[in-house]
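**Q** Below, the features straight out of Swiss-Prot:
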SIGNAL    1-23  signal peptide
COILED    54-146  coiled coil
CARBOHYD  ASN176  N-linked glycosylation site
DOMAIN    178-400  domain 'Fibrinogen C-terminal'
DISULFID  CYS187-CYS215  disulfide bond
CARBOHYD  ASN231  N-linked glycosylation site
CARBOHYD  ASN237  N-linked glycosylation site
DISULFID  CYS340-CYS353  disulfide bond
Amino acid sequence: MRCAPTAGAALVLCAATAGLLSAQGRPAQPEPPRFASWDEMNLLAHGLLQLGHGLREHVERTRGQLGALERRMAACGNACQGPKGTDPKDRVPEGQAPETLQSLQTQLKAQNSKIQQLFQKVAQQQRYLSKQNLRIQNLQSQIDLLTPTHLDNGVDKTSRGKRLPKMAQLIGLTPNATRLHRPPRDCQELFQEGERHSGLFQIQPLGSPPFLVNCEMTSDGGWTVIQRRLNGSVDFNQSWEAYKDGFGDPQGEFWLGLEKMHSITGDRGSQLAVQLQDWDGNAKLLQFPIHLGGEDTAYSLQLTEPTANELGATNVSPNGLSLPFSTWDQDHDLRGDLNCAKSLSGGWWFGTCSHSNLNGQYFHSIPRQRQQRKKGIFWKTWKGRYYPLQATTLLIQPMEATAAS
């Protein structure tokens, strides 16, 4: 039995993916994102295709040999028993027949075992191909998002457009393959599919077009990052439309966008994680259940006690007490005599202006003037009303994931 094509294909795949497999065995290290080149992805896809062809040929050859063994066993059985009226002298000697049958049965069991192993390998490779297809889609989306505008014209764009069909052909994808593999609904669904590395991924909530998000994979599952403040590189004093659509750098400071957040949470209850950090390196993690309304509710954050009291929510909603979102040009806060977003800075779920504001002005050091400090990033119940925080991150996850963990 020849297995050279399969072994050769496996060597090609091993050579192409050795770095990837070794990285999966170690905890992910924080390092600048590196996107695989098209040549590397072509080599990986070619190795996968060659391995798949080799396994398929090996299975077909094994099936043929199995059929031959079955025919030999049938012939042996007929020869051992002999038809009625056959001269006993023409039959296989009694001492030899059991040995022949036992030998054939041993070979048959061995072949069956090999076939089962091959089927498992083929199924494993199919799952791996599907996962690689998703990775390639994510890489394409990342390149489209992060490539400078001047590289997105002319030769570079045309060359990239020509390479995509070639990649799909190498890994055996049809033009409609992406429809068969819908992007995950959120980072938790991506986690359930086996992804364990944090980073940028494409998701597609129900009823929404696909878009890129930052996923943080933890032992508790996949969390979708919806906000990050860390260095003041992005101005968060934005309009209602900007907060609705999202802004910033997905690899740095950013706001995902209220409409995207609402599409992720949908009608499901979600868990909101709030990560806070002060200027002395101290950190605080808060988690509480939320519902997020649509634009018709001013994207109200619907809370239950005691969190509602902590954030100053007093409006009654079907899911508890609610806080509508406000910006300088869309005032929905609970202060009738003041626009909190104008008085402070940034858009936020303001109560009476004094409970929290994680989208406030970023200070690289704590200002001396109290009037200036109140415009900063603060969470009153942790560091007080006039302490501007150094860094914050907001993450969401569906409630069913929290209940299952």
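A Cβ is built for glycine as well, from the same backbone N, Cα and C atoms used for every other residue.
Explain the structural surroundings of these features, please.
**A** Within the model, the domain 'Fibrinogen C-terminal' (178-400) carries an average pLDDT of 92.
CYS215 (disulfide bond) carries a strand DSSP state (E or B).
Taking Cβ-Cβ distances under 8 Å and a sequence separation of 6 or more, the neighbours of ASN231 (N-linked glycosylation site) in its chain are GLY252, GLU253, TYR362.
The Cβ neighbour count for ASN237 (N-linked glycosylation site), using a 10 Å radius over every protein chain in view, is 17.
Annotation for CYS340 (disulfide bond): same-chain Cβ neighbours under 8 Å, separated by at least 6 residues, are SER326, ASP331, ASP333, TRP348, PHE350, THR352, CYS353, ASN357.
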**Q** Note down the number of other Cβ atoms within 10 Å of the Cβ of CYS215 (disulfide bond), including every protein chain shown.
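**A** CYS215 (disulfide bond): 23 neighbouring Cβ atoms within 10 Å.
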**Q** Can you tell which of CYS187, CYS353 has the least company, meaning the fewest other C-beta atoms within 10 angstroms of its C-beta, among these disulfide-bonded residues?
**A** CYS353
